[in-house]
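Q: Pulled these features from TrEMBL for this protein:
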| type | residues | note |
| --- | --- | --- |
| SIGNAL | 1-26 | signal peptide |
| DOMAIN | 28-172 | domain 'FAS1' |
Amino acid sequence: MTKHAVFSFSLLLIFLFRYYCTTAGAQAPDITKILEKPGRFTILLRLLKSTGIVNQLNGELQKSNTGFTLFAPPDKAFSDLRSGSINSLSDLQKVQLIQFHILATYVTLPNFQTLGNPVPTQAGDTSAGAFPLNVSSSGNDVQISTGVVNATVGSVVYSDNDLVVYQVDKVLLPLAIFSDYEPDSVPLAESNPPVSAKVDKSAGVVSLPMHGMPVFLGIAVNIAALAL
């Protein structure tokens with residue numbers, strides 16, 4: 001074997017060794033550490049742990065090809081809820097509530113406008129009265145409607161190629177669980193129901209995975225209510 005061949009073979013071995021060390025040392029993101037660091041997601045983290053979803057999600061992140069999106073309400077959002085709203089839920093409802101905050105795909109801020117409504121979450125059924133999640137966006141301004149609350153997507157808490165965590169200003173309450181929900185106090189401007197509405201329809205069809213299966217979505221409908 002010539003000196004040139006030996007040198008080339010040595011370089012190949014060095015490259016393979018470094019590649020192995022890099023891939024072997026790479027770890028999937030840890031949801032617990034991500035939410036612990038800011039110090040404002042203690043209630044969400046407690047629910048993720050008590051439902052077992054944090055371990056399930058950490059496991060899925062190690063083998064997912066599509067990544068995940070997590071909407072993270074801070075402690076203030078939970079404290080703004082009506083007293084007993086979370087504690088009165090069954091174990092199954094708590095699981096569904098947390099799953100409702102998770103999309104089984106990685107969505108960047110600009111890509112929210114490509115989603116069709118209702119957007120499937122890990123909670124499952126998106127039909128009326130179940131777990132519909134509707135998203136509207138303009139640039140980096142993203143709004144979420146659950147049929148119970150309207151929330152705003154805020155800052156990016158964490159982002160890599162596998163997971164993105166967005167802070168949201170409200171807990172996303174699904175219709176299937178909170179159809180009768182009323183906040184402790186209703187602002188005067190919201191006390192009168194709207195008498196008319198304008199509907200703006202824009203086409204957009206995408207496919208998002210839900211529980212390992214693709215879900216084909218259709219027309220996005222955004223309704224802006226006009227108050228008296």
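Yeah, the Cβs are placed from backbone N, Cα and C, and that goes for glycine too.
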Q: Using DSSP, what's the helix, strand and coil tally for the domain 'FAS1' (28-172)?
A: 43 helix, 35 strand, 67 coil
Q: On average, what pLDDT score does this prediction assign to the domain 'FAS1' (28-172)?
A: 95
